[in-house]
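Notes to accompany the following structure.
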Amino acid sequence: MTAEERFSALSAIPLKRVGNRSRGPGGFIDTIREIAAHREMLALLVRRDLKARYKDSALGLVWALVRPLTQLAIYYIVIGKFLGAERGIPDFAIYVFTGLTAYGLFSEIVAGGTSSIVGNAGLIKKIYLPREVFPLASVGSALFNFCIQLLILLAATIALGHPPLTAELIYALPSLAVLLIWGTAFALLLSAANVYLRDIQYLVEVVLLLLLWASPIVYSWDMAKSFLGGTFLLDVYTNNPVTLAVLGFQRAFWTSGHADTPYPTELLLRLGVAALIGLVFVVVFQRVFSRLQGNFAQAL
């Protein structure tokens, strides 16, 4: 048989789909089951990420506190003292650190998740496991660092005589859920996109920096309300999931401002709606991730 005849014979064979077919929500549920079956590998990746981050470090996990505490010192001294932002905000240090703790969780999930697939290229090429475990491992390591910062925050509130032992503490859970859900959604989408366009990870760094200053961390929501007025921009600003989560954490842990600090109306309801919408985006972005992951090994 000549080469042309072999080519013609191969061309006549119908193409068959290989691999898993994307099945919408059903495929999402199958993915969850597969991740659950590989939960030990997920836990191993989280531990590996934490160990690699502080490997050969004399201080170890103490470095998890250095960055937020340094940010706190800069914002408190420069923004609070020099520029006078602390006026009208009691316990300004607690106020700022509460916002940094909440925002730090989201930013670490998104930043770590974005580079998670590219950073594990060698492992992805060698063994099979659900690719989603890599951005999810970033969620796990970020949550660990968040817990350390949260303990420091609680200790600071107790030391200053304002422990968060009020009914307002209920705002912490939906706020945490919003950060985890939206962080996971963007980690899935951006980790897949970064495989094909490496500029994504640098763009994410810039966007996260802008989002930091666009959140009520070193200034109050009331200041933003006064600046934006009753405009559409105020609605966009307020209903940003990160803004809602930061406000929720402040209401839960910054007890000094409960008496006279204005918050958006129906904050708890807004957080619930943001969490539900975020779950929709998790499903959609996981389906996008599933579509793109077929060529990960070749693109890495």
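The backbone N, Cα and C atoms fix where each Cβ goes, and this holds for glycine too.
Annotation comment: TrEMBL describes 59-292 as domain 'ABC transmembrane type-2'.
Packing against the transmembrane segment (58-80) from elsewhere in the chain are residues 50, 86, 92-93, 96-97, 100-101, 104, 145, 148-149, 152, 217-219: each is 6 or more residues past its ends and has a CB under 8 Å from a CB in it. Residues or ranges marked as transmembrane segment by TrEMBL: 58-80 (among others).
Sequence annotations record features per position, and here TrEMBL assigns transmembrane segment to 92-112 (among others).
The annotation transmembrane segment is assigned in TrEMBL to 133-158 (among others).
Look at TrEMBL and you will find 170-190 (among others) tagged as transmembrane segment. Listed as Cβ neighbours of the transmembrane segment (170-190) (distance under 8 Å, sequence separation of 6 or more from its ends, same chain) are residues 102, 105-106, 109-110, 112-114, 116, 132, 135-136, 138-139, 142-143, 200-201, 204, 241-242, 244-249, 251-253, 267-268, 271-272, 274-275, 278-279, 281-282, 285-286, 288-289.
Summarising the annotation, TrEMBL assigns transmembrane segment to 202-221 (among others).
For 267-285 (among others), the entry in TrEMBL reads transmembrane segment.
For the transmembrane segment (202-221), same-chain residues at least 6 beyond its ends with a Cβ under 8 Å from one of its own Cβ atoms are 75, 79-80, 85, 88-89, 96, 99-100, 103, 107, 110-111, 114, 190, 237-238, 240, 242-243, 246-247, 250, 261-264.
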